[in-house]
Amino acid sequence: MAAKDVKFSSDARDRLLRGVDTLANAVKVTLGPKGRNVVIDKSFGAPRITKDGVSVAKEIELKDKFENMGAQMLREVASKSADVAGDGTTTATVLAQAIVREGSKAVAAGMNPMDLKRGIDLAVAAVVKDVKTRSRKIATNDEIAQVGTISANGDEEVGKIIARAMDKVGHEGVITVEEAKGLDTELDVVEGMQFDRGYLSPYFVTNAEKMVADLENPYILIHEKKLSGLQPLLPVLEAVVQSGRPLLIIAEDVEGEALATLVVNRLRGGLKVASVKAPGFGDRRKAMLEDIAILTGGQVISEDLGIKLETVTLDMLGTAKTVTITKDNTTIVDGAGVKADIDARCAQIRATIEDTTSDYDREKLQERLAKLSGGVAVIRVGGASEVEVKEKKDRVDDAMHATRAAVEEGIIAGGGVALLHAAKALDALSPANADQKVGIEIVRRALQAPVRQIAENAGVDGAVVAGKLLESSDADFGYNAQTGVYENLVKVGVIDPTKVVRTALQGAASVASLLITTEAMVAEIPEKKPALPAGGGMGDMDF
């Protein structure tokens, strides 16, 4: 076992703070409408230019092990925000840095770190409650477009395209973002279905960089039970190999010999195959498999219907134009099902929705209906160069997730103003002791950080802007960094999804309070490898 280096108390926290600052300073320059770009070197190909906070955070790895720990903890804040709300990564990073900085000062001054943490938790709960009460529901397409525009860093075209996509497939529909071949960004709506089951083995992946399995024009075997033995599968596998097309297997589970054989075939290139678990459970699983069968023009292979796996022929398999499988989701696009059958199935589900008394059942039936009828919207992002397309695609992705979050939990004033004004909710709190009160004050100061950073990125003094906004009693009054005007931000469409703001603060406080309570750090001491000995001379080489 390699020797370890151990750091304690202030020395440990100083190293952590240096790592936090390095990552946060690189990320926070991207915040706001006048945020700058960050150029990321790639080991192959052109450098990547991005304004997406989480993309910058993911690229940062520091040489010093202890500083790197701080940076990685902060990276976790950005990733969590991206996973839960799809946006707000830079805001979360700025908040976390502010809480860690203030918290470290308080700990150095002799405060109790655990009481500080309790104070921070109290304050965050109060702010989240305040933000939720001021949240308003989103109704019109224009509001959806505004959220998209803000999240795409002021790009109106992106906002409008996302609003159109959500209009076409409904709020429950699936929207994916791809790179276009040309200059223009366009919207395609394709009939399709997505369910929340990913590939059973990473060996099925066809695109290793994105960890995605893409199958073009595949056969789809829909099986109700577990597949563990190889023998029953052989006839259908041989038929598919002869056809030269890929195969997707959807079953309750694929394990043992069957899974091993599929993986070996995939790796050796004999058969392009992927398998996923069937979505849902119990009777709902049966119904969803029927949905997939109708959508793809196949049959559910079920013992109840008297169909054995050994007797399956190619005409019993479904087909689709493309199937995309990630670690969490499977999307079937352009299934070969008959439109009349799909419409009949949708009508049947609608009738069941009207009859059902359970809210849970109704919600699940609505999901199935959206998957069958909503289709998949594809936004193809265009640009003059590959670098530009990649940068724009990042922004479209952010904007799409932000609009989803806005539809889910509503909107509030943007530009960091919601958090700034939510600080007033902290006045009503009654902490148990003086150290907890300091924890609350740490959050109060941190809530100003996003507004200050947005202003500073726009070339204005952040402290002056924050001071002016705090004088106002109107919670929607803020600084529009795009135009440089103080105004009602909701009226001019500078809005943020409530979910994004809430997630950013909760994630930031969670990680930051853990960093403050750190008292010791352990890291491996890198081994110094001895230099190789010089090569000996070769005989008979003296000319």
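Cβ coordinates are placed from backbone N, Cα and C, and glycine is handled just like the others.
So that you can see what the record holds, here are the features copied from Swiss-Prot:
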BINDING   Thr30, Leu31, Gly32, Pro33, Lys51, Asp87, Gly88, Thr89, Thr90, Thr91, Gly415, Asp496  ATP binding site
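Structure with Swiss-Prot features highlighted.
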residue : record           : DSSP class
Thr30   : ATP binding site : coil
Lys51   : ATP binding site : coil
Gly88   : ATP binding site : coil
Gly415  : ATP binding site : coil
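Neighbour counts of Cβ atoms within 10 Å were compared across the binding-site residues Gly32, Lys51, Gly88; the minimum falls on Lys51.
The sparsest Cβ neighbourhood within 10 Å, among the listed binding-site residues (Thr30, Thr90, Gly415), is found at Thr30.
Largest Cα-to-Cα span within the ATP-binding set Thr30, Leu31, Gly32, Pro33, Lys51, Asp87, Gly88, Thr89, Thr90, Thr91, Gly415, Asp496: 17 Å.
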